[in-house]
């Protein structure tokens, strides 16, 4: 009987070990295949610290670059994947992504190229522009009060960039709630993740170009006084002073605390003070309003969920291994 009991116990123990081994082997990585946290550990161990130093330098000059770097990651990853294609210049025969209507006023490209030059000095031909974008967005967010997150690296740089692809994939600032949900769903993101990543509007600035449809001729009747009724009336008057009708190039902060990553964005949206129509529309849906309200309160999970959303975004359409190239300068293919 004792021998039988021992054998039975050993069998159970073996089963537990086997199950644990299977679970460990099948655990899902949060990163796309080919990416790893220590990708440059041998080839360029100082890569992350170099990017961090440059981001610190740029933010010391203008803290609003935090919003610019966040926007660059989104506008890169959403168009064909996180391959640095948003950084490429147009050519005589091709209009690149940066020329797209939805990329009007995109900032930070020259700064990313400056970081790239610094990396090339120490590790020539090693660190991709695509990875620099991911690192810069993370570092900038943390340095202006936002969350930080672990970054997996190993992306390679794409060689294709067209304005049409950008205008086709990126959400225009006039989309309603269902339009935003559909746009994010096409990339594998749910409605809550869309509302979470919209929180990036807590930092940065915008040209009036994306705000005018909110302020003038809202319903298309040709009436300049026709303003989005969801907007706080006093706030609308304030914005019209900064963005006169027809003026596309003036710039304004997109949040009341535009140089600090915080919950103010969601408070503003609830008060009818969203800068873009895509901000105001978040509370036109009951589910959306519930999430916005939750994120506006102290102790919410906004920071944690935002970090998770940025990691997930960084996995979109990555090129790895021997795909494409590692650019020598970010604005030109090799």
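Quick reminder: no glycine exception, Cβ is built from N, Cα and C everywhere.
For reference, TrEMBL has these:
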{"type": "SIGNAL", "residues": "1-27", "note": "signal peptide"}
{"type": "DOMAIN", "residues": "34-334", "note": "domain 'Plant heme peroxidase family profile'"}
{"type": "SITE", "residues": "71", "note": "site 'Transition state stabilizer'"}
{"type": "BINDING", "residues": "76, 79, 81, 83, 85, 97", "note": "Ca(2+) 1 binding site"}
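Within 10 Å of the Cβ of residue 76 (Ca(2+) 1 binding site) there are 30 other Cβ atoms, across all protein chains. Sequence-distant neighbours of residue 71 (site 'Transition state stabilizer') (same chain, 6+ residues apart, CB-CB distance under 8 A): 106, 107, 108, 200, 204. The number of other CB atoms found within 10 A of the CB of residue 83 (Ca(2+) 1 binding site), across every protein chain shown, is 28. Listed in sequence order, the residues 75, 77, 78, 80, 82, 84, 86, 158, 161, 165, 317 complete the 8 Å Cβ shell around the Ca(2+) 1 site centroid, once 76, 79, 81, 83, 85, 97 themselves are left out. A 10 Å cutoff on Cβ-Cβ distances gives residue 81 (Ca(2+) 1 binding site) a total of 20 other Cβ atoms nearby, all chains included.
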